[in-house]
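Participant: According to Swiss-Prot, the protein carries these features:
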BINDING   GLY12, ARG73, PHE74, GLY103, ASP104, GLY105, SER106  ATP binding site
BINDING   ARG22, GLY23, VAL24, VAL25, ARG26, ARG155, GLY186, CYS187, GLU188, LYS212, LYS214, LYS215, HIS216  ADP binding site
BINDING   ASP104  Mg(2+) binding site
BINDING   THR126, ILE127, ASP128, ARG163, MET170, GLY171, ARG172, GLU223, ARG244, HIS250, ILE251, GLN252, ARG253  substrate binding site
ACT_SITE  ASP128  active site, proton acceptor
Amino acid sequence: MIKKIGVLTSGGDAPGMNAAIRGVVRTALSEGLEVFGVYDGYLGLYEGRIEKLDRSSVSDVINKGGTFLGSARFPEFKQVEVREKAIENLKKHGIDALVVIGGDGSYMGAKKLTEMGYPCIGLPGTIDNDIAGTDYTVGYLSALNTVIDAIDRLRDTSSSHQRISIVEIMGRHCGDLTLMSAIAGGCEYIITPETGLDKDKLISNIQDGIAKGKKHAIIALTELMMDANELARDIEAATGRETRATVLGHIQRGGRPTAFDRVLASRMGNYAVHLLLEGHGGRCVGIVKEQLVHHDIIDAIENMKRPVRNDLYKVAEELF
């Protein structure tokens, strides 16, 4: 029977992680459990930086971005001896189970711990929205608002200077954040892992727009696909129109979470605790059609590539 649980955040931070921690802590305490926070993710678990949390530990955090527990990337956690040390630290505190908030790398760690006898529940916290088995990850819609704000500002200055702007947006192998940002921001062109890039066609379309009197253009580009500055130079050379690249970078991860993310994170945190109380381990939570669901964490890892949103790409194609 579970009496003590731990909670940690791992990998890249996302707005709403604090709300998720709060959901876990408050629910666990309401159910008569003791709760421990692990600082700086799996690194802190390995180093034994674990502290008991109470209701006041999560007061006034629901509106704050980032994660007060801290986060860190710790690839060494793949090593068996490192995980054994982490488990030793869990045992010192009598922790029976763990809620892991993060992305795909965090899920892999949770899977490994579950296989070694420590039941874990994964909670999707990443702005990339690249986790299978959930319509939304915690932090995604908050990041979307941040990107839209940046695009709106870039459109103002691009219009003033008759400039083409390339906006590089996070997402890694998933174009969801770029796609939604492009539609909501009224971007003229979109380049994601799902669309790929036909550079000649892109330049031809831009030239057609200029010939029709288009004064500026915004191109939404998913990170890691290509060098945004190099693409800007190629477009400027071909069109004669000033072209600049803006890499939004880590600003997308910061800021206060939206109301949606606060509610989503709270619901998921609550649900994760109840799954542990029901005896589940090696599962991950999600939300599908507004309903909370849970899946085998292995399925989420092996099917990390989310289905392509062909319906939204069709909308984007007709609007651009």
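The backbone N, Cα and C atoms fix where each Cβ goes, glycine too.
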Participant: Sorry to bug you, but what's the C-alpha spacing from ARG253 (substrate binding site) to GLU188 (ADP binding site), rounded to the closest Å?
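Facilitator: Each residue's Cα considered, GLU188 (ADP binding site) and ARG253 (substrate binding site) end up 24 Å apart.
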Participant: Helix, strand or coil by DSSP: which one applies to ARG26 (ADP binding site)?
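Facilitator: Assignment for ARG26 (ADP binding site) reads helix.
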Participant: At 10 angstroms around each C-beta, which of the binding-site residues GLY12, GLY103, GLY105, GLY186 has the fewest other C-beta atoms nearby?
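Facilitator: GLY186, out of the binding-site residues GLY12, GLY103, GLY105, GLY186, has the fewest neighbouring Cβ atoms within 10 Å.
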Participant: Taking Cα atoms as reference points, rank the binding-site residues ARG22, THR126, ASP128, ARG172, GLY186 by distance from PHE74 (ATP binding site) and give the first.
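Facilitator: Result for PHE74 (ATP binding site): the nearest of the binding-site residues is THR126.
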Participant: Do you see any of the binding-site residues ARG22, ARG26, GLY103, GLY105, SER106 whose C-alpha is within 10 Å of ASP128 (substrate binding site), and which ones?
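Facilitator: For ASP128 (substrate binding site), the binding-site residues whose Cα atoms are within 10 Å come to GLY103.
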Participant: Measuring Cα to Cα, how far is ARG253 (substrate binding site) from HIS216 (ADP binding site) in Å?
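Facilitator: Cα-Cα distance, ARG253 (substrate binding site) to HIS216 (ADP binding site): 28 Å.
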Participant: Could you measure the widest C-alpha to C-alpha distance across THR126, ILE127, ASP128, ARG163, MET170, GLY171, ARG172, GLU223, ARG244, HIS250, ILE251, GLN252, ARG253, the residues recorded as binding substrate, and give it to a whole number of angstrom?
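Facilitator: Pairwise Cα check on THR126, ILE127, ASP128, ARG163, MET170, GLY171, ARG172, GLU223, ARG244, HIS250, ILE251, GLN252, ARG253 gives a maximum of 32 Å.
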Participant: Please identify which of ARG22, ARG26, LYS214, ARG253 has the densest Cβ environment, defined as other Cβ atoms within 10 Å, among these binding-site residues.
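Facilitator: The residue with the densest Cβ neighbourhood is ARG22.
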Participant: Among all chains shown, work out which of the binding-site residues VAL24, MET170, ILE251 has the most CB atoms within 10 A of its CB.
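Facilitator: It comes out as VAL24.
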Participant: To see if you understand the setup: which same-chain residues, six or more apart in sequence, place their Cβ under 8 Å from that of SER106 (ATP binding site)?
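Facilitator: SER10, GLY11, GLY41, TYR42, VAL100, GLY122, GLY125 - these are the non-local Cβ neighbours of SER106 (ATP binding site), listed in sequence order.
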Participant: What is the Cβ neighbour count of PHE74 (ATP binding site) at a 10 Å cut-off, with all protein chains included?
Facilitator: 21
Participant: Using the CB centroid of GLY12, ARG73, PHE74, GLY103, ASP104, GLY105, SER106 as the ATP site centre, which other residues of the same chain sit with their CB within 8 A?
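Facilitator: Other same-chain residues near the ATP site: SER10, GLY11, GLY41, GLY102, GLY109.
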Participant: Which chain-mates of ARG172 (substrate binding site) that are at least 6 residues away have a CB under 8 A from its CB, listed by sequence?
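Facilitator: Set apart from ARG172 (substrate binding site) by at least 6 residues yet with Cβ under 8 Å, we have ASP128, ASP130, THR222, GLU223, LEU224.
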